[in-house]
Amino acid sequence: MTSANGQVFGISVGYGMIVGVGFAFAIIMVGITKILSKYMNEMQDSEMLMTAKRSIKSGLVASAVVSSWTIGSTLLLSCTSAYSNGVSSAYWYGAGACVQIIIFSTMALEMKKKAPSCHTYQEIVRTRYGPATHIVSIIYSIIQMVCYTTNLLINGSSVFEAITGVNRDASIVLFPIGVIIYTLLGGIKATFLTDWTHTVIIYAILLTFMFNCYATNPIVGSPGALWEMLVETSARRPIAGNMDGSLLTFNSVQGGLFGLVLFGAGWAAAVDSQLFQKAIAADHKTLISGYVLGGLCWFALPFCLSTTMGLLAAGLETHPSFPTYPELMTADQISAGLVLPFAAEALMGKSGVAMVLTMVFMAVTAAFSSETIALSAMMTHDVYKAYFDPKAKGKKLILVSHSCVIVFGIVTVALGIGLSHAGFDVSFITTASGIIVNVNVGAIIFTLFWKKVSGFAYMAGTILSTLISVAVWMGYTVSQSGYVSLSTLSTNEALAAGNTMAIGVPFLLIPLFTLIKPADFDWDIWLDIKQDDNSDFNKEHGLTNILSQDEATKAILDERNRLDKELNRQSKIGFGLTILFVLFFLILFPLPLYGSKYVFSKSFFRGWIVVMFLWGFFAAITIILLPLWDGRQSLKRLFDIVVLKKTEEKPLGDIYFVKSLEGQTIEESPDESSSVGKEKISQKVDQV
């Protein structure tokens, strides 16, 4: 490092990446949106803007899940925890926060089965419970989304300030600008494409670090060499609570508590509307596979990165190649998340640090885009359309959505600057927000699966559970430390207590309040939710044979009824995979290693690294290639039209599914379908 605080590059590099790369992505995504609009007839009406016409396939869903779940703390905190506690924390970061994705897939599919035309999760809450419960649910979601997005900006700006010296406040302001531009113009489809692009880059950098550390680096170069370094480090600074003080054991008190905190805090993302928004945009036939693959691929990211870079930092800290040599890292440097960039510089010099900056930039901007489009969809449908203009059509909804994108960016920037100056760090915001909002997870599950739950039970159960969880968190902090402060509230023990209560208490209180005041909801009411009326917008953009609001809604319902058996089969598969992976990641694999008090031998550690490489390759190949395979036909068609200048008899955007009088589904152009008097069902838009 060129300075004591970790600065490697000049200010120009920091601003150049934030502004230059940010605007470059904005230009590229806007260009792709225009190409799809021109050649694939993907008009950005309100349905396309916020739901992508419910047609995203498993590859893009998986990459979107990875992108949504990958924030700066995924990269930095995982490496810091592995440096501090050893191999167990590297595993627990991935395992503790990936099972929620897999569990969530069953919830998302249930929502798409029962409310196929919904635009947000909050919309089905309002339809079922009424305004009061709806507002409570929105508040919980907004709290999580604002905390999450503010966390992104604080995290990214902190890293860029430390490595390049840029002003933190300025970087908080600049990060969202490019994101807002392509989110405004490209909607959730642009978000999915950006997610894929960013995750491809992140996985490419991850594999580069892995190969450099364990194969080509002259200092380390093999798993055995790193194992020897970790044995020396464990003897020099034994880890309290670890078996024999070793970094190479799962028998770690702090590692286990860290996993418990992440398991609790990770549920907060289910309260965040952006996961539901991407589920709504997904094709229901591939939703389960997309989310399960996304969860498995995301596990590889913190697991492989922290097993490589976190342990590398622990092993190389006393080597002359380490940036702080001959000194050890200070507590402030560790808490600032500099373990990863320090390890990257020791491994690959300035190019390694540049890769870390790139990973952080990708994580911040992709996740910010997801949050922005989800918040705008929620405010448009669940606030404006629900309470101010119920008859609003697509053109007005698009205007409101765009306004919400801009306002949300301004609010999160202001909060980011304020919380940053107030001393709130990233790990605290990430883990503490779950104590407040995780209570809504139980309410979501009961809403989707139990018809007896009433609005009273929903509200009373969640609000009282929040009060209990915060009280337990504060009470444990006082009993443990004697006083309340940011540092004492941030201990693993206190956070684990609060997050565990936030998850568990609603599963006791909501059924109790349901028994006191039950309901008997008719699931068919959700089928009455209608598609947006985009006829005015589509006519302005030259489309013909446009489906009316009722026709578009009927098309969705017909498709849902046609695939009813398949959706039920997908639900069973989802439940089975949920049970399997929860048992594997949280019980069957880690607990025997914990209970045996085993300290990794050199041969076992070598095998551990082989498994890590296999998982990393699986994740990278899946995320990079599956979206291309899913969209191969559309890519070929686009290539033929744009590059080879081929023409087709049927315009791409004017193909409709029509149902013949005998009930057989065929394809006709608008003119053909109207001439034979067949019923228009839905516009076919092949997705990339």
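We count from 1, first residue shown onward.
For all residues, glycine too, the Cβ spot is worked out from N, Cα and C.
According to TrEMBL, the protein carries these features:
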- 12-37: transmembrane segment (TRANSMEM)
- 90-111: transmembrane segment (TRANSMEM)
- 170-188: transmembrane segment (TRANSMEM)
- 200-220: transmembrane segment (TRANSMEM)
- 252-270: transmembrane segment (TRANSMEM)
- 353-376: transmembrane segment (TRANSMEM)
- 397-420: transmembrane segment (TRANSMEM)
- 426-449: transmembrane segment (TRANSMEM)
- 456-476: transmembrane segment (TRANSMEM)
- 496-516: transmembrane segment (TRANSMEM)
- 573-595: transmembrane segment (TRANSMEM)
- 607-629: transmembrane segment (TRANSMEM)
- 665-688: region 'Disordered' (REGION)
- 665-676: compositional bias 'Polar residues' (COMPBIAS)
- 677-688: compositional bias 'Basic and acidic residues' (COMPBIAS)
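For the transmembrane segment (12-37), same-chain residues at least 6 beyond its ends with a Cβ under 8 Å from one of its own Cβ atoms are 43-44, 160-161, 163-166, 170-171, 174-175, 177-179, 181-182, 185-187, 189-190, 193-194, 197, 357-358, 361, 365, 638, 642, 688.
The stretches the transmembrane segment (353-376) and the transmembrane segment (496-516) do not meet in space: the count of Cβ pairs below 8 angstroms, excluding pairs fewer than 6 apart in sequence, stays at fewer than three. Panel annotation: around the transmembrane segment (397-420), residues 44-46, 49-50, 146, 149-150, 153-154, 157-158, 168-169, 172-173, 176-177, 179-180, 183-184, 371-373, 375-377, 379-381, 384-385, 429, 532, 537 of the same chain, lying at least six beyond its termini, place a Cβ under 8 Å from a Cβ of the stretch. Contact between the transmembrane segment (496-516) and the transmembrane segment (252-270) is present: at least three CB pairs lie under 8 Å, with pairs separated by 6 or more positions in sequence. Counted over residue pairs separated by six or more positions, the transmembrane segment (607-629) shares at least 3 Cβ pairs under 8 angstroms with the transmembrane segment (200-220), which defines the two as touching.
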